[in-house]
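Per TrEMBL, the feature active site maps to D528. For H580, C590, C592, C597, the entry in TrEMBL reads Zn(2+) binding site. Annotation comment: TrEMBL describes 46-385 as domain 'UDP-N-acetylglucosamine 2-epimerase'.
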Amino acid sequence: MTQQAQEKMERSEKRLNERLRVCVATCNRADYSKLAPIMFGIKSHAEIFDLEVVVLGSHLIDDYGNTFRMIKQDEFDIHAKLHTIVRGEDEAAMVESVGLALVKLPDVLQRLAPDILLVHGDRFDALALATAAALMNIRILHLEGGEVSGTIDDSIRHAISKLAHYHAVCTRSAERHLISMCEDHSHIILAGCPSYDKLLSAHQRDDYTDIIKSWLGDDVKEQSYIVALQHPVTTDIQNSIKIYELMLDALISFNKRTLILFPNIDAGSKEMVRVMRRKGIEQHPNFRAVKHVPFDQFIQLVSHAGCMIGNSSCGVREAGAFGTPVINLGTRQTGRETGENVLHVRDADTHNKIYHALELQFGKRYPCSKIYGDGNAVQRILKFMQSIDLSEPLQKKFCFPPVKECISQDIDHILETQSALAVDLGGTNLRVAIVCMKGKVVKKYMQLNPKTFEERIELMLTMCKQAMADAVHLNCRILGVGVSTGGRVNPQDGIVLHSTKLINEWSSVDIRTPISSALHLPVWVDNDGNCATLAERKFGHGKGVENFVTIITGTGIGGGIIQHNELIHGSTFCAAELGHIVVSLEGPECMCGSHGCIEAYSSGLALQREAKRLHDEDLLLVEGMSVNNKEQVNATHLLNAARLGNSKAESILHTAGTALGLGIVNILHMINPSLVILSGVLAEHYENPVRQVISQRALLSAQGTKVMVSELEDPALLGAASMVLDYTTRRTY
């Protein structure tokens, strides 16, 4: 063993015997909500970490609720309290506060001598912390860097990122921003927002009605009130005060009970409070004005509100996890990634625009979004901190351009595979799978499908929760849930309008809401034929093809149509019911009630019907075949009989193939695709008959249409996953 290796081993052994000293510095009520889950995690691993807590900033000011008390209530020992705020609430006071913090911090940091300092976000207090620690050669872990919000906070946030040695970010975009800023990607962990760890598990408390009543009154019900939280924009104070005044006017006119929180301590907050008092908000019967709400109670109030309004980051971040409708006012959050629950009002000259936004948003509910976290941030951050090598040189290394866009996906806990939960609701089996971006099924689960709606939903949720738990260990980040089901589906609302006869009771059933509410993930639902088509577009023969049709040949006949790269649903969501194209006026009865449909000739059930008829007439079995008394005759027996030379079976299969071919010819003449993909268990048996019918019956201009057999093993699951992977609810403004 070399001397260098020996020294490294000795350092590792010494590190195992020493606890990592982690200093968490919290400046205000907002950053404590993000830091507290990490602090609890550190405290629960006392054999690994030594927690040191420093409190400064507005935590120690009475006008802002003396919020350091909640840190004590959480039973954390406070190792230092620093009064660092110079009152005045203007630009000069902010600068003086930074200077005062820089004067006081060195003594505290020298006494505590932490191995790592945790700094959160983009406040001016945090800039003072990062500056002091960097100059004192203390390693800095910055939380929530790389984000964009469009104000002076951006400049402060990015400045802290440049001072920090390590980064725990919430979103993939934030990670890419840091890499573009020349930060070392091996020092970045995509963890998610720590506050999500608490809010996803705690927002469904049984006593939420008591919390609502305690803050808003005994007569206030769930979703009947508004939460308002507006802060000044330090780069445009006068305009932010104007927007604040218009918001208050709109809320007064809207006449709903409102919980309004005082603004933060930034420059301009004093003027905003004056506006609030001039309008008599504190005495108005519809308003309850408060300086602080404990985070666990604030979660309940936001999650059950009829609407949230203002410019707080909580509106564009945490509120999305509950599907709470949000109205984001002004420019303070410009650039943030948001879910579809956020409606932006960039500017207004009267309160009418804000009032109209309230009319649009109040009382709505949106799919839950996990853009900023999945509830596993703390364990990722703790694991990341344990991996930090204190023997490494402290000097930062910057990775200057060119920056690679594609970063290796096998760096443990640094990058995770973006994945989807795919659900295939079949007539017999219920299947769930974790599917990654490249179409690989990472893990699959299967159970027999229960008979009742309640049992199916319960089993589906149980399987999905198990898959989500496994995904963390498999290094997969679940972006959402895609559901493939039989029948006619309204994908816009996630509702099964009419189910197939194979899946009883699934008519006018909302599948999206119970799954989204339970898993806190966006959910997409579509017909199994459409899902198989989406799978072909993303992973199969349809990749890069602008116009194609997929035909599903199985128990029934289904399919999907891609026209100009878009899936066609139709005005009543019954487009691509290809199995019910009529190819004969006097044909056999179909399960839809009509006669002569393709499905009545070519589906697995149709072949099974014909096999039973031949068997009853003793015309099915030929030499080399046998059917025992307990075995049910099915389509497989008909296929085997034809393969062994049974002329009757061959004739039935020829008719089935011809019927399918005629239906496809009609499709070619209607929408003129460049490709037809045959999918399902019967696809290979129909490939040649279909090509033959096209060559004989199609117009000359359509005879060159390609016909291919799908190579995908699980088109329903892959298609369900593709809905998530292609359309995850993410918008950047």
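Cβ coordinates are placed from backbone N, Cα and C, and glycine is handled just like the others.
Other than H580, C590, C592, C597, the residues of this chain whose Cβ falls within 8 Å of the Cβ centroid of the Zn(2+) site are, in sequence order, G579, V582, M591, G593, S594, I598, E599, A600. Looking at C590, C592, C597, the binding-site residues in this record, the fewest other C-beta atoms within 10 angstroms of the C-beta turn up around C592. Between the alpha carbons (Cα) of H580 (Zn(2+) binding site) and D528 (active site) lies a span of roughly 15 Å.
Around the Cβ of D528 (active site), a 10 Å sphere holds 27 further Cβ atoms from the protein chains shown. Over all protein chains present, the Cβ of H580 (Zn(2+) binding site) has 20 other Cβ atoms lying within 10 Å.
Counting only the Cα atoms, the space from C592 (Zn(2+) binding site) to the residue listed as 'active site' is about 17 angstrom. Separating the Cα atoms of C590 (Zn(2+) binding site) and D528 (active site) is a whole-number distance of 19 Å.
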